[in-house]
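Participant: Got a structure for you, written out below as structure tokens; questions coming shortly.
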Amino acid sequence: MKTQQRGGTVIGLIIGMIVGLAAALAVAVYVTKVPVPFLSKGGKTADQDAAEAQRNKNWDPNAPLQGKNPAPPPPAAVTPSLPGSTAPTAPTPPAVAGGVTPPPAPVDPAKPPAKPETKADGKSSADPLGDLVKSRSAAAEKAEKAEKADAAFNYFVQAGAFRSQGDADAQRAKLAMLGWEARVSEREQNGITIFRVRVGPFTKRDDAEQLKQKLDGAGVESTLVRAAR
């Protein structure tokens, strides 16, 4: 008896499930085929979308502040040209107390043209080439006079004067090591014999001065001595 009741309960559950599934399927088919009123009312066409895009393109966010009919922008100001108008003239200087107009600003006077350079005697040089030749001639004459003066004398470079023959020989040996040949000469001065170490003679003063400069550069004190020929 109990077995029959259990079998009837299971069969009833199965039948109930089948009936529920069939009802759910029927509802689903009905919903998909019947148009939904909310979706159809809220749908937009392509023309409506284009019109809305155009309105958004020309939308002015400040339109609510300007009212329904915003005022057009003011036209640009145009200055009317008067017939016969001329360029503005320079303003007249203001009058000083008493009705007297101040004098115009002083104008710097034109500078006179520069004068040609003149010599010390006040005469301008009309022949600069001739002056150059004269200056060179004067230099040549001066050199010639110096050569004539050198012809009357011999020049020596004295590297020291000693009272001892040994000191003089040591100085001569030092000069020989530096590359210059010197001679030792004797001379009495105030009753004392002096031994002089000299390099030379030189016929030109310039040659003797050059040697003196070399000795000074090597640390050897020297003097230039002139002797008549």
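Even glycines carry a Cβ here, placed using N, Cα and C.
Automatic prediction, not curation, is the source of TrEMBL annotations.
The feature transmembrane segment is assigned by TrEMBL to 7-31. What TrEMBL lists as region 'Disordered' is 38-138. Among the features that TrEMBL reports, compositional bias 'Basic and acidic residues' is placed at 44-58, 114-124. Annotation comment: TrEMBL describes 79-100 as compositional bias 'Low complexity'. The compositional bias 'Pro residues' annotation in TrEMBL covers 101-113. Feature annotation from TrEMBL assigns domain 'SPOR' to 149-228.
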Participant: To what whole number does the mean pLDDT across the domain 'SPOR' (149-228) round?
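Facilitator: Mean model confidence (pLDDT) across the domain 'SPOR' (149-228) is 87.
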Participant: Looking only at the domain 'SPOR' (149-228), what are its DSSP counts of helix, strand and coil residues?
Facilitator: 30 helix, 34 strand, 16 coil
Participant: Counting by DSSP, what is the helix, strand and coil composition of the compositional bias 'Basic and acidic residues' (44-58)?
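Facilitator: Summed over the compositional bias 'Basic and acidic residues' (44-58), the classes give 12 helix, 0 strand, 3 coil.
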